[in-house]
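The structure appears right after this line, and notes come after that.
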């Protein structure tokens, strides 16, 4: 605030204005101002007969002025007020008070504070009864709880104050119970707000959300269904149902309902009407030169008609004319211009008749400018150099006569336009686009001049509309509502009256926010940065562009992020801190002193990427007389751009020309460079390539000489081949033996000193290894294999033993050697075919002759004879034996030819006689009682375990006192576990507890100590209780 509203005092029925001034130097847009009465009453909805809100802007001092005018104040207007001013990022408020002096009339029930019946003013006089009238004015019944149930919590205090509810806490409790009982709507997800407000002529939308997207909705206005028309439009978007009312009028101020099935949603619409203004005052009428004027009067009771015709008279003679009679000569009204002479004369019937001249009832005193003469019967009043002060009613009173003669002097003034800056050519007025331009042009002239406005020879005479002209007696008003760019230009105002004319030119300049710039261009894209370039907007809005604001977003996102908080003065900007591999878009705003333009179109999508780092571990793998083998590892950082491949180059020692070693890019991490000249010394380098470009080069430090190097042959035999390689028949054999040696050695494979058959065994050799491959192993593939490497006279060799194994054959010569009792003895000999592997054991099985189901008796049995026991008497058994080696059991078994019969014997079973054992024993505690310390007030237990036959009887004691009859203690016994439960012990329940077990063989007892701890208050209470 520059100036805050001050406290005011006014007499009832008077007017008062409160003024607030706000500094506008640092504001891009007009601030938002709200006037409140008390805490919550927004006075914007109370504008009308008793309240007017005005605002203006001083462009020279850059100060906004806001005024609140209260008209015909009454006692209810007194109280506290508040003015709030806010912009996008600033806020300020000021409180002030209004005191209204005068006696409140309680007999008048005022329903509104500021001229609206439904304005919601808290006028307490409406709650009082009329004096002198026994009947009270009927009030409509209002369900306050229904209003509170639908209102938001922020409105509770206002409603309670309005309806006289003083118990706010009780109101909230009851409202809480009502809301708990309220059933949730099944038809509506979101209902209408309790009320809406709209300006007359504007558009409003009423929106509800229904649970069923296919539900039929009806809209009612004051209980009558609304039909679709040009002003009422129904829309259905998903679950939303929208009623749009175009061009709202006072007839639309009503109650509306949305009906879905049996459920309804209610709201009220308030249409606010702007204050009525007089736009065209009444005008005086004038007559044209040469028209006939008739005057009629009575003289001494007789009617006399006189006709006076004004013809070809100058404009100075025009005006209101009146004729007076004195004898035979009349005094005529005069209309004169400045500096003219005015002469009033009359002729009396007698030259001796004298008289006096009066001006507005006062006698005229002659001076240098005013002269009075009497010649014969002619009386004359002459006024030289007429001024506006001479305009008056002049009368002549003859002496001795009871009547007077009068006439009026009217001063005629040429039209004049009064502008403060009339000397400038032309006058320029600047208006912000969208704002209202009101140009008041003071004018003068008598008679009232005619006003004509025109723009480029086009007359402007509309009294309504966006661009209109208002005419008043002393000034004219030119108004443009919502100024647009097309309103710019030179406007001419011309004023005319019969005396003359005047004109003035006024230049109107409309300034606006700039046009949006064109889409920015992106260049110099890096890992997390890029350069943004743009051009100024084609139209700067009439004001120089102060700077630019840049925004960025991810392509698939809808959220734009601002990149700069200070305006950018240049047309380029380096955007940083982006995520590599994410697609972005940019847009730009232009800013001038009026505000910020609309955003430019988004730039082309782009992705911040960076070239990869250089490859690592770049080394020479092999060199020959015409080739060089290179290898390397991928870069440590590849980035979001991926890796397209590698480019390998070389140059001769002493040269700076790098030659591509491979056609195009290679994706492998090794390369063989061929067709090189023997003896050349070459430098090699490699680069990684992706969308962003080339990486740095990895270079071998020393030049490489293209020449074969002699290397002694050496076989690197794998560890698992240093022992016998065992494989089963039918398995695949693949033996890889690496070696080294240059030039490439000669490789020879032999088995048991003989060359290998290429049809039976496959051999593949390379520069670094040799492979022996057998698709299906057979027993004859077993043997000792030898590999020999030979380079000139240097050799190296290694031997490999391969053993191919198969399942063994069945045992031989199985026979049943003996049968006795429940046993049978078997013998056999080892199998003839051991499958080229050691026999690990045998599996012996038996089968009852009746069922012939085989059951294993022994497995992994290593001897060639066994005794089978636990055979069933009277049954016959067959036996069979399997042999086993590393491959598993033999496919067939050796089976006994004849069964073994287990004969029955005639012996009878005599059960032994045993002496009956006495299990009786005296009680014995197997788990003792444990000393315990517990807290008073919490149940506790003592447990122990006892053993004894027969089951002993249990007794519990406290300090040697039997507890059997005390209800505070409960005793349990389950499976020998004894438990004593003490309910809510007190410190007096502490002591020595004894458990005693008794049976006919003896008795046993065990003891423990129980301490009960309690706080001081409990101890004092228990002590008092004990004393009592």
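Note that Cβ sites are derived from N, Cα and C of the backbone, with glycine treated the same way.
Quick look at what TrEMBL annotates:
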DOMAIN    1-99  domain 'Ig-like'
DOMAIN    183-260  domain 'Ig-like'
DOMAIN    415-507  domain 'Ig-like'
DOMAIN    516-612  domain 'Fibronectin type-III'
DOMAIN    614-709  domain 'Fibronectin type-III'
DOMAIN    810-905  domain 'Fibronectin type-III'
DOMAIN    923-1007  domain 'Ig-like'
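Between the domain 'Ig-like' (1-99) and the stretches 183-260, 516-612, 810-905, 923-1007, Cβ pairs under 8 Å are most numerous for 516-612. Across the range of the domain 'Ig-like' (1-99), the DSSP-based residue counts are 7 helix, 54 strand, 38 coil. On the 0 to 100 pLDDT scale, the domain 'Fibronectin type-III' (614-709) averages 88 in the predicted structure. DSSP assignment over the domain 'Fibronectin type-III' (516-612) gives 0 helix, 32 strand, 65 coil.
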